[in-house]
Each structure stands twice: as structure tokens, then as C-alpha cells.
């Protein structure tokens, strides 16, 4: 790992208004206005709007950036192949079955070079980036860094979950080191590049509608779950480097590239509330039942992208961290369930409490709208006979869920052996026993 990345400094607080200057250029931010006739150091002023100008003040997001050359300085966009990255959901037949994938492949150093962008492969999704409603879930597997290349998603926000290998992410607003058991969010329109030190794998949630919010806490009160102070925002960092540089632009589900003669990571200073951020999942404050019953998994929500329907998410990001289980007279594993929401689960490390075998780190499951799911047969039998004493569960484990009100369609690639599809997943329930005793 590069030592200077381990020593990166961050700003703290979710949704705050920040200002940051690269220390090499003190006083780079204009005083008392956004667009002076001449900016300090001969910089260009540029606004990055994450919401409409007229969005209510409490939801309005924008950042002013001061850069060496404006983003508009590039050659025309030209289409390029999108590989396995897609937002087309009409190319495969509907499939309501319970789905499980073995660990998704990681290209080795002996394989053809694949950077983060090359290694993106879409598993499922729904909706349409043109109408700005929907979401998609992809996997990345890469063995090389992005060299003189940046990615910009005009379709929505990206929530990135590293599973194997750390990501050194350079954005226009600064740098972030994101390790497994941490996540980051890079909002719509922010250019970024990913560097790695070893072959790496992880998960990506893309949302078209809105930005991610902290969930409302309701009667929980003012504290708990993901605390705002634990979110970290990069500080300004720039490079003044002339080179052949490519920006890959995702627009309406397709990829385009534009060439420029200067690195796009040339922002010397910025201020605003529209900036990427990272969060350490180990800082999550767990809330749970201390009497009876298994509480709904919404209590484990880290971030939510709300829809127009109150209390219903385009996508929630939920985790299942190590915690105490103390409920009395209770079947403690997750209950058997049919859900109006779609549930995509991934495993970052360890074993998942409801399926100790078969569901592996780096793999995934999808339980679609109203498709039955729940603990496997072995977990069920054990939970019915266990002594109900206080115990730690999910120790040294971390699973997560992307839950959505959308009905996800699977891509053709996700159904192939190269994706690691497990056709025997249904068998984990086949030995469930009848315990019915009949009337007495």
C-alpha cells in the first residue's frame, strides 16, 4: 500500500457544507463570491450541480470547484463498447427463481489487463436512466489500475462496496482510500479513477432517481445506526499534468469517451455540499430487539435512496454486522419471508448467519419480488433446538443487502457459468422437515 494514501486527511460529516484547498495553494478559494473576474492563481471557476437550481434549500446540492483547466476542454464524445455493463433489461426472459452466485471471478495478473471500468459486469437492474428512475447492480473484477483514464457517470450515483483488495480512488474533489468493510459513494457527474495494488473484486449499486440519504430514525431518536460524523469526505488535491487523457462518460446506459491533453484531476480548491464520501461499516451502531422476535432488517439500513412513495426506497443499503443476539422464546435467524421488495445480498467476509454453507464471500444471492426465501434447512433445525442464551452472532463476518422496490431483471451474463451461477441453490431448502403435530 502506498504510504501517502494511508495518511490521507478527510473532512467529516454527512451532507455538510465544506470548503477545501490543496495546501500547496493557500487562499485558492475566492473570498465573498463564487465567480470573481479573475480567480486566485489564475484558476477557472466551475459549478457542479447535483440537484436542480430551484430544489428546496434543505435538499439542494452543488459544489463550486476552482481548477487549472475547465472540464469543457475536450474533444467530442465518441461511442465505445460497453462490455458487460448494461442498463438494458429487455434482453433476457424474466426469472423469479431464488438465485445464488458463487464468488464472482477475479482476473489474475496473468490474464488480460482489466481495470475497474473494464471489469464492471451488470448482474441485474430495472428502470431507465433516460427517465431518471431505476437502479442497477454490478460486480467489478480488475487486475490493473486506470491509467490516464477517468470515469464519469451521468446516469446516477454509484455506491461501491470493495470485497477483496483496497481501492485508491482519485476524484476531482480529492483522494480516498477505500478498503474492504468500507464503502464509498461517488455522485452523478463526478469524475474518478481507481488504482489497485492487487487483483480486486467488489459490488456496485447504481441509482438513477436521487442521491443517497441517511435513513430517518423515528422513535430510535437522534442517535444510532450510521452516525453522520463518521462519514469522511476527501480534501482538495490536484495534479498539473499534461498527458493524453481519456474520460469515459456513461450516458443513457451507454459508454462514450472523450480525449483531452491534461489530467482532469486539476481541482485546486472547492466548496459546497456535493462531494464523494466514504464510510467504515465497522462504525455502524446496531439497534436490535432485547425482548422477543426478530426485528425487520430495515433497522440495519446504512443509506437509502428514497422514491416518491413515502417510506419506500428505490434502493436501501443494509448491513448485517457482528452483534449480540439476546431475544427470548424466539426463532433468532431471519424469518421465512416473501417480500414486495427485491433483495440482493453479498458477503464481504466470513459466513452469513442464515446460510453458513454455500453462500460464500465474493458471491451473491437475489430473492426477487414475492419469491420465498429464508434460512436453509440446517440453520432452521439448529435454531429450533439451540439454548437461547445471549450470544454473539456474525462474529468476523459482514454481509450486506441492496434492497429495492423495483422488480429486478437479470442480465444474460448473470445466468452463465462464467458468472458463477449456482443452479443447485434451491436444494438448501429441500430437506426442511414437517414438524406439524396435528390437533390434540
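Every residue, even glycine, has its Cβ placed from backbone N, Cα and C.
The domain 'Homogentisate 1,2-dioxygenase N-terminal' annotation in TrEMBL covers 9-281. Looking only at the domain 'Homogentisate 1,2-dioxygenase N-terminal' (9-281), the predicted model's pLDDT averages out at 97.
Residues annotated as domain 'Homogentisate 1,2-dioxygenase C-terminal' in TrEMBL: 282-436.
For 294, the entry in TrEMBL reads active site, proton acceptor. Its Cβ placed at the centre, residue 294 (active site, proton acceptor) has 15 other Cβ atoms within 10 Å.
A simple way to gauge crowding: the CB of residue 337 (Fe cation binding site) has 14 other CB atoms within 10 angstroms, across all the protein chains here. According to TrEMBL, the Fe cation binding site annotation covers 337, 343, 373.
Non-local contacts of residue 373 (Fe cation binding site) by the CB criterion (under 8 A, 6+ apart in sequence, same chain) comprise 98, 336, 337, 338, 343, 365, 367. Annotation source TrEMBL lists homogentisate binding site at 352, 373.
Across the fold, the C-alpha of residue 352 (homogentisate binding site) and the C-alpha of residue 294 (active site, proton acceptor) stand 16 Å from each other.
Within 8 Å of the centroid of the Cβ atoms of 337, 343, 373, where the record puts Fe cation, the same chain has further Cβ atoms from 334, 338, 339, 367, 371, 372, 374. The Cβ of residue 352 (homogentisate binding site) has 25 other Cβ atoms within 10 Å, all protein chains considered.
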